[in-house]
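Here Swiss-Prot flags 36-56, 65-85, 99-119 as transmembrane segment, drawing on sequence analysis. Look at Swiss-Prot and you will find GLY75, THR78 tagged as Na(+) binding site.
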Amino acid sequence: MKSLYVAFGGALGAVSRYVISKFINSSFSFSFVPWGTIFVNVVGSFLLSFLMFLSISKTDISQSFILFFGTGFLGAFTTFSTFAYEFLSIFLTQPLRAIIYFIANIFLGFFAAILGMFLGRGRIL
């Protein structure tokens with residue numbers, strides 16, 4: 001049963017990532033970087049960190065929900081492989097732009113995860 005929670009969450013997360021990323025990238029086709037990938041990675045980093053730190057302080061969050069939403073949905077919603085591919089594709093022709101994309105993705109993702117940790121714990125420090 002646990003595998004089904006992950007599978008269903010993963011299916012929804014993958015489709016959500018595809019739709020959101022395509023919408024954002026087509027809305028900002030003139031953009032300097034692929035904002036769709038940055039968006040899903042940053043939002044996913046925040047939500048997963050928030051969920052996991054909240055689950056530490058609140059024992060009433062079910063393991064089934066964590067498997068469905070954390071492991072399944074957010075695991076498929078975020079995408080390291082697309083980030084790596086896009087970075088390398090950009091790097092081949094525009095190395096400086098690729099490095100900016102890399103730094104933005106990592107920095108914003110970790111910032112979002114730290115914010116999620118603080119909010120999930122319910123306190124700043």
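From the backbone N, Cα and C atoms, a Cβ is placed for every residue, glycine too.
Under 8 Å, Cβ to Cβ, and six or more positions away along its own chain, GLY75 (Na(+) binding site) finds VAL6, GLY9, GLY10, GLY13. Other Cβ atoms within 10 Å of the Cβ of THR78 (Na(+) binding site) number 21 in total over all chains.
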